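Heads up: the structure comes next, in structure tokens.
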Ligand code: PAF
């Protein structure tokens, strides 16, 4: 990295937890368009998983990941061990800001502190000019924008659009957990929030939209709906002003697998 810097090269970082799919590769492509050199980090970050979550069974495929990154022409893969990232003496961490307060934050209380801490470490290790994050984890993006702004971190974050299967399901490493039956139900999440976005544009009251969407997900076969919410797209605040871009965010369970998704929505003009 120091050699690249000396040669005046710009650096893009694509932080990942591995088990790479075409969504991640689209982030690498965006990175290549925005910097001279692309670093991809692969680290399944234990501090963003609660004890009851899926850290132990999180999908891992180191050989497959390296092959995909070589084909995508990433310049460097940074794949530290847990001990390297969190040695026994590790004791400083970042507390995520107000964007972490609810939605995912309500269901995964320490998740965003773990994400903010590991991203701060990765930014310091790699010293990127830009870092690319997918809109699939929309709240994560908002939390990280706050991190970078609030702590004056010298890099720019770039948001990349969600990559979807033909049937609308957002690509996610966690889709690998879905049974055949669950996989058939899963696209209903995107279909439901897309319908909700159409209802927002038509001027339907938000409470009607979110109640209908929740019922629709249950009818489609989701076993539990954590939330369907319509928020200010920039701040994620529940208080929205007329004319401001909106975002519909949802999280729902299919058996043991929790899926999240989101979509842009525009208030009626
Ligand atoms: O989005 C992810 O895969 C992770 O949350 C990230 C940003 C790599 C931090 O561990």
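Note: Cβ is positioned from N, Cα and C throughout, glycine not excepted.
Marked as ATP binding site by TrEMBL: 17-24, 134-137, 163, 171-174. According to TrEMBL, the feature active site, proton donor maps to 24. According to TrEMBL, the (R)-pantoate binding site annotation covers 48, 140. Annotation comment: TrEMBL describes 48 as beta-alanine binding site.
Overlay of TrEMBL annotations on the structure.
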| residue | record | DSSP (3 states) |
| --- | --- | --- |
| 17 | ATP binding site | coil |
| 23 | ATP binding site | helix |
| 48 | (R)-pantoate binding site | helix |
| 135 | ATP binding site | helix |
| 140 | (R)-pantoate binding site | helix |
| 163 | ATP binding site | coil |
| 173 | ATP binding site | helix |
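Among the recorded positions 17, 23, 24, 135, 163, 173, the residues whose Cβ lies under 6 Å from any atom of ligand 1 are, in sequence order, 17. With respect to residue 173 (ATP binding site), the closest of these recorded positions in Cα terms is 24, chosen from 24, 48, 140. Cβ neighbours of residue 20 (ATP binding site) (same chain, under 8 Å, six or more residues apart in sequence): 42, 61, 64, 65, 68, 69, 173.
Taking Cα separation as the measure, residue 163 (ATP binding site) is nearest to 24 of the recorded positions 24, 48, 140. Each residue contributes its Cα atom, and for residue 48 ((R)-pantoate binding site) and residue 23 (ATP binding site) those atoms are 21 Å apart. All protein chains considered, the CB of residue 173 (ATP binding site) has 19 other CB atoms within 10 Å.
For residue 17 (ATP binding site) paired with residue 140 ((R)-pantoate binding site), the C-alpha to C-alpha distance reads 14 Å.
Within the same chain, residues at least 6 positions away in sequence whose Cβ sits under 8 Å from that of residue 135 (ATP binding site) are 141, 159, 160, 161, 162, 262. It is 16 Å from the Cα atom of residue 23 (ATP binding site) to that of residue 140 ((R)-pantoate binding site).
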